[in-house]
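Q: Have a look at this one.
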Amino acid sequence: MPPADPALSPTPLTLHLVRHGRTVYNTEGRLQGWCDSPLTEEGLDGVRVTADHLSATPFTAAYASPSGRTVATARELLRHHPDTSLTTLDGLREFSFGDYEATPEVELWARIDPHEMFTGVLMGTFEGLPGGESSSDYLARVSAAFEEIAAAHSAGDHVLVVGHGVTLMAYLVMVHGAAVAPLANASISTVEIDADGGRRVVRTGHEPAAQLRF
């Protein structure tokens, strides 16, 4: 049997995953999960470059974590798409650092190896930090959020999802089945979903604004 003609294959649903722009806490090296801080001017500049890069993408819908930094990023990304609605989903929130929220990262890294912790988070084996959430609960809500998004859209749709570094990595690992590199602020990753539920990572961490120091 000859191979299927790619031109006759159904067009997949495409998710465009964008990490929020650089924030004050990112710049200060503070842990930022459920807490929030505003985008810096340099961070906003980076988001604007990404927005221009995505200006011709025909977005059907847009989703974001309810955190201020992701909503601000999403609104800037959608300035070229005034008719595209934005929906916030709690399941897209970042991993909770519990009692360590907004504290300098070095204080936590003095107690636990960051590589081991984040590997455990992404694998679902990390029990969580005091006052925070377990990685198994975290991955369950992230998975449910992306399943909700996929179920709401059809083949050929382009959907913008604005999220957080660990949360977007968690979903990419679910799809890819292997580790992915950390995602830069305002970077774009792309996932395609077929009508039969098949998923694949097309690219990760593309940085339209890499030339900027933000």
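Using the three backbone atoms N, Cα and C, a Cβ is placed for every residue, glycine included.
TrEMBL entries are annotated by machine, without manual review.
Features from TrEMBL:
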type    : residues                                                      : note
BINDING : Arg19, His20, Gly21, Arg22, Thr23, Val24, Tyr25, Asn26, Arg69 : substrate binding site
Q: Quick one: what's DSSP say for Arg19 (substrate binding site), helix, strand or coil?
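A: SS state of Arg19 (substrate binding site) = strand.
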Q: Around the substrate site formed by Arg19, His20, Gly21, Arg22, Thr23, Val24, Tyr25, Asn26, Arg69, which additional residues qualify by having Cβ within 8 Å of the site's Cβ center?
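A: Close Cβ neighbours, site residues excluded: Thr27, Gln32, Ser37, Leu39, Thr40, Gly43, Asn185.
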Q: Enumerate same-chain residues with a sequence separation of six or more from Thr23 (substrate binding site) and a Cβ-Cβ distance below 8 A; give 'none' if the list is empty.
A: Gln32, Asp36, Ser37, Pro38, Leu39, Thr40, Gly43, Arg69, Asn185
Q: Restricting to the same chain and to sequence separations of six or more, state which residues have a Cβ under 8 Å from that of Arg19 (substrate binding site).
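A: Looking at Cβ-Cβ distances below 8 Å from Arg19 (substrate binding site), excluding near sequence neighbours, one finds Val162, Gly163, His164, Gly165, Leu168, Leu183, Ala184, Asn185, Ala186, Ser187.
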